[in-house]
Amino acid sequence: MIVQPKVRGFICTTAHPEGCARHVGEWINYAKQQPSLTGGPQKVLIIGASTGFGLASRIVAAFGAGAKTIGVFFERPASGKRTASPGWYNTAAFEKTALAAGLYAKSINGDAFSDEIKQQTIDLIQKDWQGGVDLVIYSIASPRRVHPRTGEIFNSVLKPIGQTYHNKTVDVMTGEVSPVSIEPATEKEIRDTEAVMGGDDWALWINALFKYNCLAEGVKTVAFTYIGPELTHAVYRNGTIGRAKLHLEKTARELDTQLESALSGQALISVNKALVTQASAAIPVVPLYISLLYKIMKEKNIHEGCIEQMWRLFKERLYSNQNIPTDSEGRIRIDDWEMREDVQAEIKRLWESINTGNVETLSDIAGYREDFYKLFGFGLNGIDYERGVEIEKAIPSITVTPENPE
């Protein structure tokens, strides 16, 4: 069938299989063109492996370091006239290319928050690898979590804490810049968001992997966070998500102590750059900030996407054969170029004057839109979008599909 983008709010409800495959191919080619990673990881588990930073780290591990990878995610296969979710197509393309290159790549589709999926993953690691996982990437962005022990359902929200937040935001599809007010979160919303986006599940994963002897001596585990400039702090760093991320950082310190004493291992937080992802598109204010950031970083020739960010994380931080450089809080900073004083000063200056009339010229909102569509496989060169495509794509390592996630 012919697949066109259908955008509702900040979500595109369709995905293009060939476009997603082309996008993954571009990332793989980038990783292959870099100098090979010496002393890189050999057996990598990526939790949240199908899009964004998770997918990019899987590609860098596989095609940059020749690592075997197992990816866990919750994606939807095609059904009837409904396309699969982008992460499904991404993984189908990744596995196919990895297998053709002689690389081990298997995936598990299901709720990473559940005990069942953790057990399935552990069984696969024991059966195929006999343990020895030397890198665990934790990259989950989810709106809800069912607690595996209590069955309690938590929903995450993006809200400020304490007082109503007033600023401006942009509708990226129309380019309309308008004022936005966001009501503060309740105590329950703060706790719920921490339960979904904090470090609780990361710790459950690492503890389970450790208990079943799946981790190698010297193992590293990395989770991702974002700090950003003061401009976004009220809605992000000082809001509900920021509170959850503080919990994630606290978890990193606890896991680091455990892994260090048991396996001479490390648990680390990587502070990444602001990028167009399905998750960031949902945050008010942030798309306008990213549109300005893209323009300035591109002008200064320091713009990076997910794959460039993950390459730099592996090459210059995790596997540089030096001590891993961190900030005063022990975090890896690959948001260093975004947070450069000259970049932030320019954004601050433009922020005051940006409006509907000048947003297309002052910012790179066109680049934002382009990246947004690319997440779903649209707008890629060399794809004929008027031609019908087969929307059912198999992921080689997945035979049965679980209940469709919403």
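The backbone N, Cα and C atoms fix where each Cβ goes, glycine too.
According to Swiss-Prot, the features are:
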- TYR236: active site, proton donor (ACT_SITE)
- 48-53, 74-75, 111-112, 140-141, LYS245, 275-277: NAD(+) binding site (BINDING)
- TYR226: substrate binding site (BINDING)
- GLU75: site 'Plays an important role in discriminating NADH against NADPH' (SITE)
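Features as recorded by Swiss-Prot, highlighted on the structure.
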residue	record	DSSP class
GLY48	NAD(+) binding site	coil
PHE74	NAD(+) binding site	coil
ASP111	NAD(+) binding site	coil
ILE140	NAD(+) binding site	coil
TYR226	substrate binding site	coil
LYS245	NAD(+) binding site	helix
VAL276	NAD(+) binding site	coil
How big is the Cα-to-Cα gap, in Å, between LYS245 (NAD(+) binding site) and TYR236 (active site, proton donor)?
10
For VAL276 (NAD(+) binding site), list the number of other Cβ atoms lying within 10 Å of its Cβ atom.
25
Specify the nearest of the recorded positions GLU75, TYR226, TYR236 to ASP111 (NAD(+) binding site), where nearness means the distance between Cα atoms.
GLU75
What number of additional C-beta atoms lies within 10 angstroms of the C-beta atom of GLU75 (site 'Plays an important role in discriminating NADH against NADPH')?
26
Between VAL276 (NAD(+) binding site) and the residue listed as 'substrate binding site', what C-alpha distance do you get in Å?
13
Rounded to a whole number of Å, the separation of the Cα atoms of GLY52 (NAD(+) binding site) and GLU75 (site 'Plays an important role in discriminating NADH against NADPH') comes to 14
Neighbour tally for GLY48 (NAD(+) binding site), based on other Cβ positions within 10 Å of its Cβ
25
